[in-house]
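Chemist: According to Swiss-Prot, the protein has these features:
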- Asp455, Asp461, Glu464, Glu465: Mg(2+) binding site (BINDING)
- 40-158: domain 'tRNA-binding' (DOMAIN)
- 402-477: domain 'B5' (DOMAIN)
- 702-794: domain 'FDX-ACB' (DOMAIN)
Amino acid sequence: MIITRNWLKKYLNLDNISNDQINMALNSLGFEVDSVYDLNSLNSELILGYVEQSKQIPDTHLKLNQVNIGTKSLQIVCGASNVDANQFVVIAPINATIANGLTLTSKKIQNYESQGMICALNEIGIDLSVINKEDQLKIYNVSDKNLDLKKYIGSDVKQIIGLDDYLFEIDLTLNRSDCLASFQILKELANYFDLKIKNLDNNFSDFKKNNLDLKIDLANQVKDQIKTISYSYFELNNKNDKLDSKDEIFLKLNQINSSNHSITNLSLISTLSTAQTHILIDLDKLKSSNLKLEFINHDNKELLCLTNNNKLVNIIGLDTQNEFNVDNNSKNVLNIMLNIEPNLMRKQQKLLNISNTYLQRYIKPINPNLFNLANQTFSNLLNDYQLINKAYEVKILKQTFKNKQSLEIKLNEINDLLGTNLTIKQIKSLFKHLDFKITNKDDLLDFQIDQNRIDITSKNDLCEEVARLYSYDKIDEIPLSFTSFKKAKNLNLKLENKLTNYLIGLGFNNTKTYSLTSLNEAKYWNLFNISEFINLVSPLSNLRQTYRTNLSKSLIDVAIFNHSINNKELKLFEIADIYDLNNLKQRHLVFLTSNHIYKNSLNQQLIENNFYYNKEILENIFNLYNLDLSEIQYQSDLNLIKEIHPYINTTIYYQNQLIGYLYKLNPKFESENKLNPTFVCEINLDILNQFKNSFIEAKTLSKFQSSSRDLTIEISNDLTYQKVLFNALSDVKYLKSHKIVDLYLDDNLIKNNTKALTIQFVFNDLEHQLTENEINQEFEKIIKNIKQMKVVIR
């Protein structure tokens, strides 16, 4: 971002403020000044000349010119193609040293004495990159609508065209993207030096009602990416087709190659002031009033574009296409103002491989509601050039962003956090010339936030702003003090440590994965119904822009990577937190098994991975938290995510609260990623901590031999195992435990939407050794209860 002293002088009285003081102020306010440039020192002397006569020198491309410099007339030989009589030009006289290092001397060219130089812009310090190719070999013609230049012939031309300026090149931090509007830096400096801003009230005000029925449709893939759509339009008279030299040089100092059309140039000056970009279209060139924002393939790149009847009007971030662009003959000008999701525009910038004034602002988080300020500023500029016949107010087609209106904070909260003793009066004075309004009731301060400061959303942000304006250098450095205290017992942490040790003992590897993922992936794998995603304001990549909503996908990605390097025998787990914008924080556990449960390469012993091995691990975790396993419910309902096996999956509930999921990956997904059979389980540890039984009860162990019976049943996939078990165990005595020991599926069972389960029942008693007759009698009760449910016993 570039700020110039001359631009600041239009709004602030800087008579008693030096460039060094401005430099110090910017750095003190948190804007790092990368470099400064004293343009006035680039050229020792430049004066305004008037070409009275220009004649071609025979047999050459040179012209012999008589140039009036006020006190006398100079004879100057010039080879520029555009030099001609009746032009105001920049003259470097004899003995002057100009920016390219040349010191002028009197010399003969083609036997004609040349007494100085008529200068081109690149010769006096303007970079070639911001000069059109056709203008690079031309001399510069000076113009100013407000000055009678004939009265200034022989005067210092640097003051007339703005080359007496001083530049500050500022590096903005991401949270201060609002300062891509130079008006914001203006307010900061006015506040720092306690200066009143002038000339901002000289506004054009004669806006007519906007009755233009313009439609801008949004393609489905961009509907959620467009925050704001607004437009206005102007009827122009085109009295002037050239910018004043000061404005043209100002654009070039801001690294902008000015257009040949003054209307476009004025919109760029408005963009520098407000940070809102303008898309200008000649209304008379549109085929209809129906526009569309959509992705189209242009030069083999999918770019966000504005179209009209399937014709390309504007590639967002570039100038309007020539067929629809404004020119010096345009009478009706449409002004469209957009605010677009920065991540999308960063992708657009990468595809376009350029950085310009438009894209620099599209890719940053800026107040989406700048349209009225931008339209007002643009109208002021058009009015200064007497170009407006009629101007029409802004009409809003889409507005999704609402500015944070206010924040309340107590005085002691600010002082405690910053280590200061500021008073309410002092704090109010810090914001004197900024667009903050501060009221208080006793020691409670109410801050009405500057709408451009979308980075201020919390009390901590306010405290940081107070510290910045007060100056960090004024805050006393106080070393941290540590108070020792008795550490409270944390049963949840102890259980988590036991859980970690248990999984490590089973051969699992503790894994740490990235907390950030893509927005689409966060939505797609939102297994735990997280409502308000946390998105980074400016992520380095779209792949890492949103806090994850689950741990499962992260561990699956780890498994895919390990399989790609031939590490296929995997047992992984991770314990981490899940967050959302509603202050949600959930502690989750995920574990993953892939390929074999056990593999001994010496004797070729293999135990294949299966659902019930992972379920047993899960139930052992439930036992660790002393949960009542009879309250656990398993339901199969994960068909929405295609990466999960449609049949081998379960959703787990405890007392009707969602605990988590256990599932096998879809074989197609496994095949695509070259994975062996892989099972994943993710649970919410906060629910386990909520329902854990903290009381450990010692139970008497039976001294007698237990006996078991196995039973295989066929049940419908629509019937839950818990329901079958609840009815089967009605009035059954001596039963100590039960568990599923096998699951069987074949084509016929799958066809009939059923499965075969083998359940083991264990019987024992504390008082006596059970006889076979007693055991069989209770086992028959189970069989009878199951038959009453019309469940097939195999």
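Cβ atoms here come from the backbone N, Cα and C positions, even for glycine.
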Chemist: So around the Mg(2+) site, Asp455, Asp461, Glu464, Glu465 aside, which residues have their CB within 8 A of the centroid of those CB atoms?
Modeler: Asn175, Arg453, Ile456, Ser458, Asn460, Leu462, Cys463, Arg468
Chemist: Validating a neighbour-count step here. Other CB atoms within 10 A of the CB of Glu465 (Mg(2+) binding site): how many?
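Modeler: The Cβ of Glu465 (Mg(2+) binding site) has 21 Cβ neighbours within 10 Å.
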Chemist: Would you report the average pLDDT that the model assigns to the domain 'tRNA-binding' (40-158)?
Modeler: 94
Chemist: Should Asp461 (Mg(2+) binding site) be counted as helix, strand, or coil on the basis of DSSP?
Modeler: helix
Chemist: In the domain 'FDX-ACB' (702-794), how many residues does DSSP put in helix, strand and coil?
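Modeler: Taking the domain 'FDX-ACB' (702-794) as a whole: 30 helix, 32 strand, 31 coil.
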Chemist: Please work out the helix, strand and coil residue numbers for the domain 'B5' (402-477) from the DSSP assignment.
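Modeler: For the domain 'B5' (402-477), the helix, strand and coil counts are 30 helix, 15 strand, 31 coil.
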Chemist: Measuring CB to CB from Asp461 (Mg(2+) binding site), give everything in the same chain under 8 Å that is also at least six residues away in sequence.
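Modeler: In sequence order, Asp455 meet the Cβ cut-off.
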Chemist: Output, ordered by sequence, the same-chain residues six or more apart from Glu464 (Mg(2+) binding site) with a CB under 8 Å from its CB, or 'none'.
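Modeler: In sequence order, no residue meets the Cβ cut-off.
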Chemist: Looking only at the domain 'tRNA-binding' (40-158), how are its residues distributed among DSSP helix, strand and coil?
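Modeler: Going by DSSP assignments, the domain 'tRNA-binding' (40-158) contains 18 helix, 40 strand, 61 coil.
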Chemist: If you count Cβ atoms within 10 Å of the Cβ of Asp455 (Mg(2+) binding site), leaving out that atom itself, what do you get?
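Modeler: Cβ-Cβ neighbours of Asp455 (Mg(2+) binding site) within 10 Å number 19.
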